[in-house]
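One structure is given below, encoded as structure tokens.
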Amino acid sequence: MAGSGHENGAVSIRPADNLAVFEVSKKAKKNKFALGCAMLASLTSMLLGYDIGVMSGAIIFIKKDLKISDVQIEILVGVLNLYCLVGSIVAGNITDWIGRRYTIVLANVIIFVGSLFMGFSVNYAFLMVGRFIAGIGVGFAIMGAVLYNAEISPASSRGFLTSFPEVCINVGILLGYVSNYAFSKLPTRIGWRLMLGAGATPSIFLVFAVLAMPESPRWLVMQGKLGEAKVVLEKTLDTKEEALLRLNDIKEAAGIPQDSTGDVVVVQKQTNSNGVWRELLLHPTPTVKHILICTVGIHFFQQSSGVDAVVLYSPRIFEKAGITSSNEQLLTTVAVGICKTIFILVATFLLDKSGRRALLLISTGGMVVSLATLGFSLTIINHSEAKLTWAIALCITMVLSFVAFFAIGMGPIAGIYTSEIFPLKLRAQGISLGVAVNRVTSGIIAMTFLSLYQAITIGGAFFLFAGIAAVGWLFFNICLPETRGKTLEETERLFGKLVGWREVDKKMKEDNTKRTTHGQEGSDG
């Protein structure tokens, strides 16, 4: 396959075993060009993190300045996720229309406008308009970054590079917390407006930075630009052979004959994406149905386990724990952001070594213990008239423990896993569906947490989150196959049997062992 085809530019359909040699066995160094592209694409996700982090502290001052109720606070905080839902669904088609790169550029422009609206808000209604605009932009950003990174990453570092959006979200959260503390000394009516408006600044620079990136090779092939796609693939993948194999895959998914070798070919344009959505939702194959269940499940449990309640309302949690000074609340919240950022960085180096399942199960198990202990400590504090220093310390420790366990597995893996398991032709819409589930669940948690803990106590709320996370652990253990090091063909074979995938995985490992043994014998001979 790799012989004469390299000289004359022809490409042929190759056996899956050859792909395994390039994608699984090769221990390549990190591709610096792919690394740079993934970092630039992911930086826009930092603006979502900044909004989450900065709003946790800004609501203290917004409530004082605009004299709004807890219900209005819940809506203000959580509604961005619902607007983000709209953005992510629309972006599923926009990315196929104008490309991944220009979708990210558009996201930055929209976020810039939304941040200005929030920064210059004169009342609650004006602030909500800014939230709507920013939310649409955030939906575009998340969708574009995850999709772009998945399509440009070499298999040898796919987990590392596709974790970047989550890393940037965590960095953004930390910057938001720091912004809270920095601007908290200013007059109330000015401080919170600067906190929110500061998010406009990075988006200006990101527009120009993203324009320096190449377009996704998959989108280029969809437009018939095979020559440009091949150049990008050769720059971002580990070897020219792997680039040729990936080009074959993308051409096949785009319906381009394998003997089409020109730099530009005519591609039959899809008039709409109804056929993809129909195949995805109305008439899915057993494989696609299993993938859908895993996608919806991992995104639902990621958010319903209460991470946004902790991140968005950490000052309120610390207040309930007995920390009454707003200055101390904001400082403790900065510690939460630092802890979350450190552990997401640790996760990026473990994803391609330890695998998705192991990290996900360890992460979720740690979250269950942390949430249950946090619920216990808050319940003790709530029923005690005296100030219990040990309970306050335990509460702070468990918040830090929870965000650490979340960041090392559940946080990055939801996006990575979704980007790996969908077939190429369903990937854009599949990822947008996962983002939609993620944002809806996040929005519901954010918009109901204050009412929830007032109804069942704050300790009871975290016991509830612990129970949901425990159900999530069972779901992950039963239904989610390991995808690390698997080729596209191998990944598709793993899906289709919701609870019977282990037998398929075992057989695949046995077959790989036999092929390796035979290859070594042939080499020795």
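Easy rule for this one: first residue shown is 1, then count along the chain.
Just so you know, glycine gets a Cβ as well, placed from its N, Cα and C.
Remember, TrEMBL labels are computer predictions, not curated facts.
Since this is a predicted model, take the numbers as computed values, not measurements.
Residues annotated as transmembrane segment in TrEMBL: 33-61 (among others).
The annotation domain 'Major facilitator superfamily (MFS) profile' is assigned in TrEMBL to 37-484. Confidence over the domain 'Major facilitator superfamily (MFS) profile' (37-484), given as mean pLDDT on the 0 to 100 scale, stands at 87.
Away from its own ends, the transmembrane segment (73-95) comes close to residues 48, 51, 55, 59, 62-63, 103, 106-107, 124, 127-128, 131-132, 134-140, 142-144, 147, 219, 273, 308, 312-313, 428-429, 431-433, 435-436, 439-440, 442-451 of its chain (Cβ-Cβ under 8 Å, at least six residues beyond either end). Positions annotated as transmembrane segment by TrEMBL: 73-95 (among others).
Marked as transmembrane segment by TrEMBL: 101-122 (among others). Listed as Cβ neighbours of the transmembrane segment (101-122) (distance under 8 Å, sequence separation of 6 or more from its ends, same chain) are residues 41, 44, 47, 87, 91, 94-95, 129-138, 140-141, 143-145, 148, 193-194, 196-200, 203-204, 206-207, 210-211, 213-216.
Taken from TrEMBL, the feature transmembrane segment covers 129-148 (among others).
Residues annotated as transmembrane segment in TrEMBL: 160-178 (among others).
If you look up TrEMBL, you'll see 190-213 (among others) marked as transmembrane segment.
Counting same-chain residues at least six beyond the ends of the transmembrane segment (330-351), those with a Cβ under 8 angstroms from any Cβ of the stretch are 53, 56-57, 159-160, 163-164, 166-167, 170-171, 173-174, 176-178, 180-181, 184, 310-311, 314-315, 318, 323, 359, 396, 399-400, 403-409, 411-413, 416, 484. Marked as transmembrane segment by TrEMBL: 330-351 (among others).
Summarising the annotation, TrEMBL assigns transmembrane segment to 358-382 (among others). Same-chain neighbours of the transmembrane segment (358-382): 301, 305-306, 317, 320-322, 347, 350-351, 388, 391-392, 394-395, 398-399, 401-402, 404-406, 408-411, 413, 457-463, 465-466, 469-470, 472-473, 476-477, 480, counting only residues six or more beyond its ends whose CB sits under 8 Å from a CB of the stretch.
Per TrEMBL, the feature transmembrane segment maps to 388-418 (among others). Within the chain, the transmembrane segment (388-418) has long-range Cβ neighbours (under 8 A, six or more residues past its boundaries) at 146, 158-159, 162-163, 165-167, 170, 294-295, 298-299, 301-302, 305, 307, 310-311, 314, 317-318, 321-323, 332, 335-336, 339-344, 346-348, 350-351, 356, 359-367, 369-371, 373-374, 377-378, 380-381, 430-431, 434, 438, 480, 483.
Beyond the transmembrane segment (430-450), the same-chain residues lying 6 or more positions past its ends with a Cβ under 8 Å from any Cβ of the stretch are 70-71, 73-75, 77-82, 84-85, 88-89, 91-92, 139, 142-143, 146-147, 150, 280, 291-292, 295-296, 298-300, 302-304, 306, 308-309, 312-313, 316, 414-415, 418-419, 422, 461. The transmembrane segment feature in TrEMBL is assigned to 430-450 (among others).
Here TrEMBL flags 456-476 (among others) as transmembrane segment.
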